[in-house]
């Protein structure tokens, strides 16, 4: 029997999503299309009668902006929003800023899929020579984290995303859900995938095939132990959702013009 509802949301399309680049910890705002996705998501949730008690986001702007737009469209701007770096997107290390399709051309589609989708394979780490190193690590927001800046990741596998996410999930979010509140987590493709792996007990091989499109809310109905009582539901037009999933999966393939 369902005791509580949890909503996961991958932020709306970002500028670098549109350019098919690894964005990761680089702070990008939503694209024009991403703004529309977030607003449409909020309208859908409002039409279906959902109400949130608390919202959790990462400390990256595209996650926060998405939450704001969703709440505005729902007429629930007053709902508390709590931010944590532990919900950040996966740190892609030296791959940050690179174009996925060009990488597929240079390294092969299978290698890019492993870097993007696998559970325990870690990309090469970022170092001080990387063009976005200073932009990330000199950002004041990373002085607010619950670990020293020098201990923040320089690259991550999906497993490592889950490892840094779980303490926040268990200590902060779980008590809120168990108190009977309805929670929205507005985060990123990989932080949401990591949480899905934990909640649904998805295997290390099967998580490779779990794809979340931007701006599509995922409804999880959970029992009192926060275990799913039914399969996750991606809310919205199912044909559009399947097309969006295919678009995400195709990002790591060689473009026709590059062949």
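Just so you know, the numbers here start at 1 and follow the chain as drawn.
Placement of Cβ uses the backbone N, Cα and C atoms for every residue, glycine included.
Positions annotated as active site, tele-phosphohistidine intermediate by TrEMBL: 11. Around residue 11 (active site, tele-phosphohistidine intermediate), the C-beta neighbours below 8 angstroms that are at least 6 residues distant in the chain are 30, 34, 38, 62, 63, 65, 66, 186, 187, 188, 214, 215.
As annotated by TrEMBL, active site, proton donor/acceptor applies to 89. Residue 89 (active site, proton donor/acceptor) is surrounded by 25 other CB atoms, counting those within 10 A of its CB over all protein chains shown.
Residues or ranges marked as substrate binding site in TrEMBL: 10-17, 62, 89-92, 116-117, 189-190.
Within 10 Å of the C-beta atom of residue 188 (site 'Transition state stabilizer') sit 28 other C-beta atoms, taking all shown protein chains into account. The feature site 'Transition state stabilizer' is assigned by TrEMBL to 188.
Here residue 89 (active site, proton donor/acceptor) is compared against the binding-site residues 10, 13, 16, 189, and the shortest C-alpha distance is to 189. Cβ contacts within 10 Å of residue 189 (substrate binding site), excluding its own Cβ and spanning all protein chains shown: 21. Around residue 92 (substrate binding site), a 10 Å sphere centred on its CB holds 25 further CB atoms from the protein chains shown.
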